[in-house]
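So that you can see what the record holds, here are the features copied from TrEMBL:
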SIGNAL    1-29  signal peptide
DOMAIN    156-493  domain 'Peptidase A1'
ACT_SITE  Asp174  active site
ACT_SITE  Asp376  active site
Amino acid sequence: MGATVISPTYLSAYLLLLCLVCSLKEGYAMGRRATVAESHHLEHSHTIQVSSLLPSSICSPATKVLECVCDAWFPLSVLDNKSSLQVVHKHGPCSQLYHHDKANIPTHAEILLQDVARVKSIHSKLAKSLGSTKVDQTDAANIPAKDGSVVGSGNYVVTVGLGTPKKDLTLIFDTGSDITWTQCQPCVGTCYKQQDPVFSPSLSSTYSNISCRSTTCNSLASATGNTPGCSSSACVYGIQYGDSSFSVGIFAKEKLTLTSTDVFDDFLFGCGQNNQGLFGGAAGLIGLGRDKLSLPSQTASKYKKYFSYCLPSSASSTGFLSFGYGGVSKFVKFTTLTTLSQGASFYGIDIVGISVGGKKLPISASVFTAGGAIIDSGTVITRLPPTAYTALSSEFRKLMSRYPKAQPISILDTCYDFTKFSSVSVPKISIFFSGGVEVPIAAKGILYVNTISQVCLAFAGNTDDTEVGIFGNTQQKTLQVVYDGVGGKLGLATGGCT
C-alpha cells in the first residue's frame with residue numbers, strides 16, 4: 001500500500017494555522033513585556049537595521065513569500081499575470097545596463113540634480129500651458145548632459161521585443177511621457193552608447209514609415225509638444241526632456257512583443273536617428289502617459305488602458321510592470337484620477353493629508369488643492385507644497401531628535417548620521433488621497449541614503465504652494481500602483497512586490 005500524500009491545499013492551510021498560533025503566542029508574550037508607550041512607539045515607527053541601508057552588488061529577485069514566525073518560509077511566484085514584465089532599476093545589479101557601464105553610474109548628487117531638472121521641466125510645461133511666465137523655461141533644460149549617465153526620464157527599465165524577427169530592447173518606462181521610441185540605425189546625427197544592439201529597421205519585415213501627410217503624423221504634436229517635420233515624405237518626430245536629453249527620428253509602425261502571448265502589430269513609435277543624453281545605456285523609452293500615442297492607449301483594445309507596476313524596494317531587487325486586469329492585489333484601494341487642464345497627459349491625483357508617527361498633520365486642504373498633484377514614475381523625490389513639507393519635516397525632526405543631524409544634500413534638507421547605530425527607529429509616514437485612501441509609505445520610501453553618515457528624509461518642498469505636487473518613485477517603492485485609464489481610477493496597495 002502506497003504512502004498517503006497530503007494535498008497541497010490542506011498542507012498550506014495547516015501550516016497557516018500553525019503560523020497563526022505561533023504569532024498569537026509571540027504577540028501575547030511581547031504584549032506582556034511592552035508598556036503602553038512602547039506599544040505606541042512600535043506601532044507608529046519602523047525599526048531599520050542600518051546595514052540594510054547600504055547598497056548591495058548582488059541581485060535578489062523578488063518573490064512572494066509567506067513568512068511564519070515558526071521559522072518557515074514558503075516562496076510563491078511574483079509574476080502571476082501572464083502579461084507581466086520584470087522591472088529593474090537601471091543602476092542596480094539586476095540590470096544588464098549596470099554591468100554594461102559601471103564606470104558611469106551616477107552619484108546621488110547627480111541623481112538629485114537631474115531630478116531637479118525633471119521637476120522644473122514638468123512645472124515649466126504646466127506653466128507654459130497656462131500662459132504663465134512664472135517658471136524660467138530656459139532654466140528647466142539648462143543642465144549639461146552627461147552621456148550614458150544620469151537619466152532624466154526615469155529610473156526603471158523593462159525589456160520588450162520589437163520587429164520581425166524580434167529584437168529585445170531594454171527601455172525606460174515613464175508615466176510622465178507619451179511617445180515610445182528607441183535608437184535606430186542609421187544614426188544620422190549621434191547615438192549614445194546603449195547596452196543592446198541598436199535596432200535596425202531594414203532587418204525587420206514588419207517595419208514601415210508613417211507619412212508626414214497623415215493625421216497620425218499630426219497627432220505627434222500633443223504627445224511630444226513639438227510640431228512634426230517631414231523628410232522624403234516620412235514623418236519626423238522630435239522630443240526633448242528636462243535634462244537636455246533628446247531624440248529625433250522617423251515616426252514609424254512596427255510589431256511590438258510585450259510577452260510571448262501579447263503581440264501588437266502596427267505599434268506607433270519613434271525610430272531615433274539623432275539621440276543624445278541621459279538614458280543610462282537603455283535603448284530608449286516606453287511612454288505610459290494618457291495621450292492617444294502612449295502604450296496604454298495603443299493597446300487599449302486588449303488591456304482597456306489598465307496597467308500596474310511595483311517598483312522594487314532597492315536597486316538590488318526586482319519588481320514588475322503588468323498590463324490588463326490580471327495579478328492585481330485584492331487589497332488595492334482606489335482613488336480618483338484627475339485631469340490637469342494644463343497637462344492632460346499627466347495622471348492627476350488629489351492628495352488630502354499626511355501623517356507622521358501616527359499623527360495627522362494640521363494642514364489645510366486648500367494647501368493641497370492650490371497647485372494640485374500628479375503621480376510620476378520618473379520623478380525620484382516626492383514634491384509637496386512648501387507649507388505641507390514644512391509641517392512634515394518639522395514633525396519628523398521632532399521624532400528623530402535622538403539622532404545626530406547631518407549636512408543637507410541637494411534638495412534634501414532633513415538628514416541624519418547613523419554611523420554609531422546598528423538599528424534606527426524611523427516614524428511611519430502615510431499619504432492620504434481622496435476617497436478615504438491612506439497609503440503607508442514603506443520604510444525604504446521614507447529615507448534617501450547617500451551614505452550611512454548622510455541619510456535624509458526623502459521628501460522636498462516646491463517653491464510655492466501653487467506649483468503642482470508630485471508623488472515620486474521613492475515613495476512608490478513596493479506599492480502596487482494600478483492605473484485604470486478607462487475607469488479614471490488609481491489603485492494603491494502595500495506589499496506589491498513581495
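Cβ atoms here come from the backbone N, Cα and C positions, even for glycine.
TrEMBL: automatically predicted annotations, no manual curation.
Taking the domain 'Peptidase A1' (156-493) as a whole, pLDDT averages 95 in the prediction. On a Cα basis, Asp174 (active site) lies 8 Å away from Asp376 (active site). Around Asp174 (active site), a 10 Å sphere centred on its CB holds 26 further CB atoms from the protein chains shown. In the structure as shown, the Cβ atom of Asp376 (active site) sits within 10 Å of 27 other Cβ atoms.
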